[in-house]
Structures are given as C-alpha cells and as structure tokens.
Amino acid sequence: MANTDFHLQFQEFEDDQGFIESNQGATTVTIDDPVKSRKQRKATGTALEEETDPLDSNDKTELLSGERKSAPFWTFEFYQTLFDVDSHQVKNRIIGSILPWPGKNFVEVYLRSNPDLYGPFWICATLVFAIAISGNISDFLVNYGQPKLKYVPDFRKVTMAATAIYSYAWLVPLALWGFLTWRNRKITSLVSYSFMQIVCVYGYSLSIYIPAVILWIIPNEGLRWFSIVVALCLSGSVLVMTFWPAIRDDKPRVIIAIIATIVILHVLLAVGCKTCFFSTYEMIPLSEVHNKTLKATSTLSS
Amino acid sequence: MAEVEESSKPLFAGLSDISISEDIPVEGDISVPVSSQNADNDLSTLDEPVKDTILRDLRAVGQKFVHVMYPKKSSALLRDWDLWGPLLLCVTLALMLQGGSADSEEDGRPQFAEVFVIIWFGSVIITLNSKLLGGTISFFQSLCVLGYCILPLTVAMIVCRIVLLGGTGGVSFAVRLVVVTASFGWSTFASTAFLADSQPANRKALVVYPVFLFYFVIGWMILTFSTSQ
C-alpha cells in the first residue's frame, strides 16, 4: 500500500525538484531497489537532475512493464518497446559503460527493466566503420613514404569487421544467457538477467573501443597496446561487475571459469581486430624492404 | 402497469401519422461529380505522348533537386515522394565509383553492388530506426528524403573526378577533402531539415546520428576513390 502510494506520488512529481528535495528527509519504509539506489546516489553526491529523469521514467515503465512487453515478437510494436529510449538515456548509458563505478551495477542502475537495442546496434555499426576507416588510414600512413604509392582502399575490411563484431555482440550474450539460465535452475541466485539485458550490456561495453580504434591510426605500437589495455580494463571491469551478482552464489570454480571466459573473449576481440585490420609494420623497416625489392626487380629486368 | 401503458400510448400514437406522402420524389442523382473528372484525367494521361510523361517526371525530380540544394523547411519533398531521383543518384554514384579501368589485381575498391547495397540498405535501416523511435514519417517518404539528399555528395564525386584528372598530389587531396567535407555537411543538414520535424523532441539526436554516419561513410568512399594510372 505504502509502495503504491509512493509510486503514485512519484509519477505526479516527475519534473519537480522540490519533491525530490523534500523526499530526502522522508523516512519511508520501502525497500525497493529504485529508492535505495537513488538514495545511494544522493549520498554520493551525484544527484544531477537529468539522472533522476530516466529514473522516474523507468519507474513509470516498470509499473507498466506488464502491459508494455506483452506484444508478440512478430509485431512491430514489440520492437518499438525495445527502442523506447531518449537521447540523454543513451548518453548516460554510454558514460556508465565507460566509467565503472564500484557500487553501480550497469543493469541495475542504467537499464532497469528498459533494455534497448538502439545502443548496441548503432555502437556496433559505428565500431565496424571506425575499424574499417582507421585500418585504411593507418595502411595509407604506413605506405606514405613509398615511391610506388598506389593506395587502394580495401573494402573487404568492412564486411570482415561487420561479421566479427556483430557475431561477438550477439552470440556471446546468447551463450552467456543460456549458461546463466542453466545454472539458475541449479542454484537460485538473487539476480537473473534477461537476454535483452545481456545484449544491451555487451553492446554498450563495446563503446569504449571506438576512441581506442581511432587512436590506432597512429602507427606507434606502444600507443596501440596502451590504448588496448586501458579500454580492456575499463570495459572488462564493467562486464565483470555487471555479472558478479548473478554468479557469486555459485561454486568458486564456476565463478572463475565464467569470469575468465568473459575477459578472455573480450581480449580476443580487441587483439584480433588489431592484428587483422592494422598492419604492425613501422615505417622504416617497410621502406627498406621496398627498396630491396625495387633493386631486385631492377636487376632482374636489366 | 396499465397506467404506464396508457401513458405510453400517446407517445406511440403519433407514429401512425408518419407516412411518406406520395408527392415527395424519392429519386435523385447520387453520382459523385468528381469521379467523372478523374476518369477524364486518366484518359488524358494515357493519350499523351511519351515525351510529355517523361518530361513531367523529370521536372518533378528536378524540382526536388532544387529543394535539396536550397533546403528550406518546405514539405514539398515529403508530400509527393518518388524514388526515381534516389535511383538515378545511386546508380550515377555507383558507376562513378567504379573507376572505369579493369584492374583485377587491386580489387579492393567497392564494387557496384556494394555501393548500391550500402546506399539502399543503409536508407532502409535508418528509416526503420526512425520509425522504431516513434517517428511520424512514412517509410517511403523517409527513403525519398535520404535518397535525394545524396545529391550534394554526387556533385562532390563529379568534382573529385575532375580534380583527379589534374593529378593525385597533396593539393588535389586537400581540394577533394574540402569539397567532400562541405558536401557531406550539406547532405546531413538538408536531410535533418526534412526529417527532424517528424521526431519527438527528446530523440532528435538519436535519429540524426545514423544519418550522419550514413553520409560519412558515403563521403569516405568518395574521398578514397582513386583512378589507376
């Protein structure tokens, strides 16, 4: 009863800063997650007004979530519910996936019951084109000092990058979700994530790679490895912290296995993209090789 | 009960007085006068010479080109949408990105089918995206707008090919970069001028970003085009 009253009040004062301030002194007995995490955020002093707005709208959608997701999956309305996000929500989710905060679980804080497909899809698309374009630019820069400059953009990179990234963003969450659901039958843990939520987490966690890939244009090996390590640490920690509540009640060996798999797959994606699409030659050795081949061909032709 | 029946009798008693008198005519003309004019129009466009039909379509396409080049917030592009213009532009762009020479070794440049698929598939995905986000624009209207706004990039492609005839040095690259960047900005601005009004206010950025990415990729393909010598 108190819950519904609180939620009803909550709905009316959605955009009112006064209500939020007056609520700080209230000693409500509700132990819902939304209230708790909101109070935690207030305590840590990160209470921006724009952060409370997605919270309010998400609470509203939580109330209606029974009606919202009841459209069958072959209708257009079902997919419209998966795109029910605003610009600032997407921005907050991207920031939340880049900066891991020890208390905040990505799914709890940002996704709630409103996973979206907009973020994962367009972040993957941007990443595909960023890899293809940066790979072409870095090849061009490496070959720039060559006398026989004949630069042709390699368009096959786009299709290869698209296949790799989209399969990572869809197949790994599918496998993880299947595994977690199977474990959930044996060990009833507190938290279980839906498939869309896992896809959403993985999609947003790839967003840190976009600036890293753009940094890879500079043909400096030290800089490339440094940016890979930084990106891996940030997004890997977000992933681990997200899945920790779902698996912490399991046997220790299974926990270690799952976390190791998540991290290793993430590392493989980053390192694989780097080695496949970006040539690792420095500028000087390549020019020496080219000069040698030029001399060889000239001696052969003479 | 009997009293009610008695009181209801005068109510229904008047019904017996209603009758259709025979001097009111029950005939009339119920044909819609407009349909006869439509039938005349259909007959007239069927009878006209082919040159008139083609010229009418070309004039419509040309008028939309003018709307794209000077994007004001007019709804003419949205009202009478057609897909001839986008097809023309897409085929022209894909043909010009071929290079003309048969170099089978360096086959890294995009094939005709790849350019075609990217443009049409990309337009369809952006339209689906804007509809899923709650846009009020119809599917084909959005395809029409996105296709017509490729016009500045096609013009940039023509300019790039002319510049490439003069050489592939740093100066030509700088000129091409400036031209492609300007036309890419123009395309994005023109298409958002038409598309942004149909979106709810808090999702405009979510709709504009895929359009930006789409024209950026097309601009990239134009910029990296090089003829083999």
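Just so you know, the numbers here start at 1 and follow the chain as drawn.
Glycine is no exception: its Cβ is also placed from the backbone N, Cα and C atoms.
Keep in mind the model is a prediction, meaning the values are calculated, not measured.
Positions annotated as region 'Disordered' by TrEMBL: A:30-62. What TrEMBL lists as domain 'Yip1' is A:98-271. Marked as transmembrane segment by TrEMBL: A:117-138, A:158-180, A:201-219, A:225-247, A:254-272.
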Mean of the pLDDT scores, which run from 0 to 100, over the domain 'Yip1' (A:98-271): 80
Which of A:117-138, A:158-180, A:201-219, A:225-247 contacts the transmembrane segment (A:254-272) most, counting Cβ pairs under 8 Å: A:225-247
Closest-packing stretch to the transmembrane segment (A:117-138), where packing means Cβ pairs under 8 Å, from A:158-180, A:201-219, A:225-247: A:201-219
Contacting positions for the transmembrane segment (A:225-247) when only residues 6+ beyond its ends and CB under 8 Å are counted: 96-100, 102, 104-107, 176, 180, 183, 189-193, 201-202, 205-206, 208-209, 212, 215-216, 254-255, 258-259, 262-263, 266-267, 270-271, 274
